[in-house]
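Right, one structure below, let's go through it.
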Amino acid sequence: MTKHYLNSKYQSEQRSSAMKKITMGTASIILGSLVYIGADSQQVNAATEATNAPNNQSTQVSQATSQPINFQVQKDGSSEKSHMDDYMQHPGKVIKQNNKYYFQTVLNNASFWKEYKFYNANNQELATTVVNDNKKADTRTINVAVEPGYKSLTTKVHIVVPQINYNHRYTTHLEFEKAIPTLADAAKPNNVKPVQPKPAQPKTPTEQTKPVQPKVEKVKPTVTTTSKVEDNHSTKVVSTDTTKDQTKTQTAHTVKTAQTAQEQNKVQTPVKDVATAKSESNNQAVSDNKSQQTNKVTKHNETPKQASKAKELPKTGLTSVDNFISTVAFATLALLGSLSLLLFKRKESK
């Protein structure tokens with residue numbers, strides 16, 4: 001008996017079910033992507049409409065200028081206030097748009113106003129347009145075409161109030177507080193083109209950059225003078241920063257001060273006779289011999305110090321040689337270790 005997973009019928013069923021699953025998964029993915037794309041496009045359209053709406057509104061407002069104006073509705077043939085005045089919002093507004101003038105007013109209880117007509121002084125009917133009809137607030141905004149200089153308008157209305165069974169037609173006249181003024185033209189919006197940023201151009205090097213040279217500070221030796229009298233025969237002793245050379249300078253300083261003292265004695269004592277001159281020359285010779293002996297002693301003392309300095313120098317050459325030998329030895333050991341591992345693996349494989 002063959003197992004069920006070796007049966008050809010079972011295998012074909014498994015293939016068909018797998019194909020169905022793949023097809024359903026692909027279809028669901030495509031459908032989901034289409035839904036997502038559609039929702040995204042709707043959001044983009046809504047965003048563009050939202051951005052265009054204020055732009056259009058601002059364009060319309062910018063093309064029109066307005067000014068408030070007060071008025072009163074009076075009964076026909078008298079200056080008595082009419083009840084119609086209570087059903088209109090005050091003040092009104094004079095609007096100039098596209099070089100045309102309009103008187104704009106808002107009617108309260110708009111559902112009561114079944115008919116309204118406006119006439120000028122020559123009994124010519126004026127065009128009336130509805131700007132906004134708010135059913136919820138029961139108000140209606142209308143524009144009546146007028147001309148600058150109009151002082152009053154004649155109105156004929158038909159009012160119906162079902163609650164009190166009121167249905168009446170009557171004529172009134174609308175008196176402006178002042179004549180319709182002449183308004184200035186609206187400032188046209190400047191179409192400012194967006195400034196496109198220019199690509200930054202690389203600056204051409206005008207001057208070659210010079211390498212920065214390290215500054216070398218010159219050490220100025222300090223000069224110590226023996227006395228003020230030594231104008232012609234001044235002795236200068238250079239003092240260094242190291243403490244080991246101070247002994248050398250001190251010995252040289254003592255020797256030279258002795259010589260300068262003797263020379264001063266020579267200058268101060270006048271030459272009276274040959275005997276005194278000879279005695280002075282003998283004294284000078286003796287002092288010179290002493291100074292030479294002291295110089296030899298100081299040089300002899302300096303030689304062990306110089307030798308000690310030579311001993312203190314670092315062995316840079318030896319350390320570099322030692323490092324090279326150690327690296328070569330380490331590399332050789334590593335190579336031998338790798339070769340031994342390779343031979344060991346070959347033996348194991350055999």
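Cβ coordinates are placed from backbone N, Cα and C, and glycine is handled just like the others.
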Problem set entry | Range among 53-57, 73-77, 133-137, 313-317 that Swiss-Prot annotates as motif 'LPXTG sorting signal' | 313-317
For this session: Measure from the Cβ of S82 (heme binding site) and count the other Cβ atoms within 10 Å, all protein chains considered.
Result: 21
Seminar exercise, completed: Same-chain residues at least 6 positions away from K75 (heme binding site) with a Cβ under 8 Å from its Cβ, in sequence order, are K81, S82, T172
Exercise. Counting every protein chain present, what is the number of Cβ atoms, excluding its own, within 10 Å of the Cβ of Y166 (heme binding site)?
Worked result: 10
Exercise. When the domain 'NEAT' (62-184) is classified with DSSP, how many of its residues are helical, how many are strand and how many are coil?
Worked result: 12 helix, 73 strand, 38 coil
For this session: Please give the greatest C-alpha separation between any two of the heme-binding residues K75, S82, Y166, in angstrom, as a whole number.
Result: 18
